[in-house]
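Peer 1: Pasting in a structure now, in structure tokens, and then I'll have a few things to ask.
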Amino acid sequence: MSHATKNGFLTPYVELDRQAWAELRAATPLSLTEAELEKLRGTADPTSLDEVRDIYLPLSRLLNLYVKATRQRHAAVRDFLGESDRPTPFVIGVAGSVAVGKSTTARLLRTLLSQWPDHPHVELVSTDNFLYPNAVLEERGIMNRKGFPESYDRRALLRFVSEMKAGADKMEIPVYSHLAYDILPGETQIVHRPDILIVEGINVLQPPPPGRLALADFFDFSLYVDARVEHIRSWYLNRFLELRRTAFEDPRSYFHAMATSASEEEAKEFAMHTWHTINEVNLVENIIPTRPRATLVLFKGEDHRVRRVRLRKT
């Protein structure tokens, strides 16, 4: 079924306001506690239990339906081919700008999906783990392009997701530290074959070079967390200043000088310069254009609360 736009054109999307979306929760129970939510929230992220109930429980219910339908389709194909029953992970991509709250969204989904009655094994992987080390970025002269498409080891990321999708028992991937602002030498994250794999990052919906596979080609469902650019900018600044008062105090922090040597005004100027020259440019040029590729878009208001949801039905 398609819906008509205000201009009368048919569209494969349906857009729901917050109340209409919240009603789709049906009888899905809220089993998350405030203490558990506190551990899942990102720095300066105000996501509340009301937000979980109204937005993420309906999303959990929808994903449950998607997973069941996808498993049935995969089983039918295996039966047709006469292959043994070797389930492959249901892969979810979570995209959006820096500071928009996509990491909190991904962690919430991991927790909520793992609480389904059949208790699926859910793994969460950030594409930050596939950033090139700072030494490589410096050598290539693109340290100021960190977060842009060319700063990621795209081949390694594609190989990881494709092998997981193919049913690999386990894989080791690098580990990125936001404290060190770099890949940690010698440290790895071991990903055991999950029932559901969530891949979170600013670049997960980006199109491939001509003739190549896109990461999104391996997704069964994709989600884009959206907000107005000026709101994201404000959230980014608030988060940076909160980190200055907390994580940056750690001597191991890459930005330790922001907490010890810079005034608050200097820290604000640094954050805004970084936003305008790196994050906003990347958002406008590389991230926002991928939004139409998402299965579902969460539109946030200035207070971080989701105001409306757009779902692609085909």
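A Cβ is built for glycine as well, from the same backbone N, Cα and C atoms used for every other residue.
Copying in the features that Swiss-Prot gives for the protein in this structure:
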type    : residues                                                   : note
BINDING : GLY96, SER97, VAL98, ALA99, VAL100, GLY101, LYS102, SER103 : ATP binding site
Peer 1: When neighbour density is defined as the number of other C-beta atoms within 10 angstroms of a residue's C-beta, which of the binding-site residues VAL98, ALA99, VAL100 has the lowest density?
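Peer 2: Counting other Cβ atoms within 10 Å of each of the binding-site residues VAL98, ALA99, VAL100, the minimum falls on VAL98.
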Peer 1: Note down the number of other Cβ atoms within 10 Å of the Cβ of LYS102 (ATP binding site), including every protein chain shown.
Peer 2: 24
Peer 1: If H, G and I count as helix, E and B as strand, and all else as coil, what does DSSP give for LYS102 (ATP binding site)?
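Peer 2: SS state of LYS102 (ATP binding site) = helix.
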Peer 1: Can you tell me how many other Cβ atoms are located within 10 Å of the Cβ belonging to SER103 (ATP binding site)?
Peer 2: 24
Peer 1: Under a criterion of Cβ-Cβ distance under 8 Å and sequence separation of at least 6, what residues of the same chain contact SER97 (ATP binding site)?
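Peer 2: ILE202, VAL225, ALA227, ILE232, ASN279, LEU283, ILE287 - these are the non-local Cβ neighbours of SER97 (ATP binding site), listed in sequence order.
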Peer 1: Excluding GLY96, SER97, VAL98, ALA99, VAL100, GLY101, LYS102, SER103, please set out which residues of the same chain place their CB within 8 Å of the center of the CB atoms of the ATP site, keeping sequence order.
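Peer 2: These residues sit around the ATP site: ILE202, VAL225, ILE232.
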